[in-house]
Amino acid sequence: MSSKGIKVDNDLKTKVDAFRERITGEAENLVADFFPKKLLELDSFLKEPILNVADLKEIHSEINVKVPDPIILNNSHDGVDVQNSRKRKMEDGLDDNCQDGPKVFAMPGGMIKSNGQLVDLIERVKPEIRTLIEKCNTVKMWVQLLIPRIEDGNNFGVSIQEETVAELRTVEGEAASYLDQISRYYITRAKLVSKITKYPHVEDYQRTVTEIDEKEYISLKIIVSELRNQYVTLHDMILKNIEKIKRPRSSNNEALY
């Protein structure tokens, strides 16, 4: 087969056409069936007790780090203690180039655990985020394949297709940012917990971890709400403009002239 000097293998064209038909079937099923079911599912999720905790103290996670006994330091005015200290370092194989820093005390209970309630909630929310990204990508590909070749005039339907693609791309980007937000929570919390192990006598670090946990809980509820709203918006937008999306140019446009 040849098109304007470009040869396309008939076997490849058949496979590409089959791919287009498969994407069309999947996308139309997503818009008509999957999107409304998923928005109802997420709406029910928002009503579950796990996302409706009245007192945020219920999602707090205690960090058991023992505060060590204070170390009494002797002031030295004659420099003898400093010399003895340096001598001990040399005998132990250490020198002045060694970096001294706050010691991390061994945890009597082993590893300091994450906030179990938030981890369980995150593990429920992450698959929903991934699903939205994947489904949006399929529908976006379907609409892009429906965009006709560029022509002068009669492009109102094409502009609707382009706006739909732009909205789907925006939803994909926002959903991906939710995953980044979850990663930042773990990193931020880990740094704070590390500070607590080094400075267990500083209460503000422990309070900050509590604040971080509360903030993440609220953020996760907002994320679930946004996922539901995005399904609602996409379902509504595509159905309202389905005729223009599937047939962006009228077949009788010659009658306008």
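Yeah, the Cβs are placed from backbone N, Cα and C, and that goes for glycine too.
Annotation comment: TrEMBL describes 11-70 as domain 'Proteasome activator PA28 N-terminal'.
The annotation domain 'Proteasome activator PA28 C-terminal' is assigned in TrEMBL to 112-254.
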- Item | Confidence summary (mean pLDDT) of the domain 'Proteasome activator PA28 C-terminal' (112-254) | 93
- For the domain 'Proteasome activator PA28 C-terminal' (112-254), the DSSP residue counts stand at 119 helix, 0 strand, 24 coil
